[in-house]
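Peer 1: Take this structure, written in structure tokens, and hold onto it; I'll ask about it next.
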């Protein structure tokens, strides 16, 4: 609302100009009709030149501007951070950007391919799971895990074949999965590092993540700048190289304390969170609900770090690989997995006659993610857990105090002016009745 009022005042369209002129003229006529017959109380303190200046100020423009300013300050308490983020890129820019990692051509037709299901079937016996935990609010974290991509590329290089690849990040919810980042690569040279390809699709991101997420230098990891608690949960990275898929899961935990520079994220929106059935039917096309952001990796990362520091964040010295979660047997009963019989159960021997059946070995259970996934209500909005109210920062307290002070000062000023004018008019009316004269020259 404040931003709209500011735009209308700085660069108003013709219709708004006409309406403003009529409103200002009407206010001026009503004001001057009340006060024109009475010398204002400040007349003794100003000369005629000052009064001429005051009349220009009272033609409605200054009043309208003051009204906009006061209203904007009062209504900006909850929207100042979002407005600042919306226009910060136009005000400041990083001093320099790193050179591109490689040159490539973007072809839109590669976005027309349906997205394969991120839900893993019983053919996958081993999935790497990493643990990422933020130690404090407003922290920049990284989802990094090494893979066996190099061995696949060496195999392709020995066969002297180019390859195509696709990298997709998902946010796994209890009943669906939301793609948050997707890019396809074509005509790739296996002798070079992964993703150094001649052609690629549009770089697609979930819109709410563009200013707070970017790929790492090798384009395999994901960096999140000041994620909110609603970003906690399970993330899945799917790398597909010539039909072969590599899955990596990241269990992310963000503190519940409020971060003033974080955006709340809703990953459970049914328009983006797709069920296993939708993936299996080939109905998921990321082009329909993800936004384009075709910036090179280095430039995008520079922007994210710049905005993070601009908002008051502290950059980490270095990003480290996420800690691996060790497990002894294949996963079972995990979101995104079909029921898989435990290897231990399969190799179990029958008990000897006369002996009691020993207690069967329990299959390995993945760690529950219920405490990591925010609940969704009927309108699909994130419900934050009940926590102690955060301490109000000094900057917010000062801002609210100034806002209230300006609002009270404006109301008092308007009230005093109206009171003086009405009182002068009343005195003039009494004098007129006493003199029993139709007019009174002043």
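Each Cβ is built from the backbone N, Cα and C atoms, and glycine gets one as well.
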Peer 1: When Swiss-Prot marks a stretch as region 'Disordered', which of 263-296, 297-330, 331-364 is it?
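Peer 2: Comparing 263-296, 297-330, 331-364 with Swiss-Prot, region 'Disordered' matches 331-364.
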Peer 1: Which residue range, 406-422, 423-439, is the one Swiss-Prot calls transmembrane segment?
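Peer 2: Checked against Swiss-Prot: transmembrane segment maps to 406-422.
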Peer 1: Quick check on the glycosylation sites: of 103, 111, whose CB has the lowest count of neighbouring CB atoms inside 10 Å?
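Peer 2: Checked 103, 111; of these glycosylation sites, fewest Cβ neighbours within 10 Å: 103.
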Peer 1: Give the distance between the Cα atoms of residue 273 (disulfide bond) and residue 103 (N-linked glycosylation site), rounded to the nearest whole Å.
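Peer 2: Given the Cα positions, residue 273 (disulfide bond) is 33 Å from residue 103 (N-linked glycosylation site).
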Peer 1: Can you check which residues sit near residue 176 (disulfide bond), meaning Cβ under 8 Å from its Cβ, same chain, 6 or more apart in sequence, and list them in order?
Peer 2: 268, 270, 273, 274, 275, 276
Peer 1: Recorded positions 111, 188, 197, 259: which have a Cα within 10 Å of residue 103 (N-linked glycosylation site)?
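Peer 2: The recorded positions passing the 10 Å Cα test are 197.
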Peer 1: Going by C-alpha positions, which of the recorded positions (111, 138, 259) is nearest residue 188 (disulfide bond)?
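Peer 2: Result: the closest of the recorded positions to residue 188 (disulfide bond) is 111.
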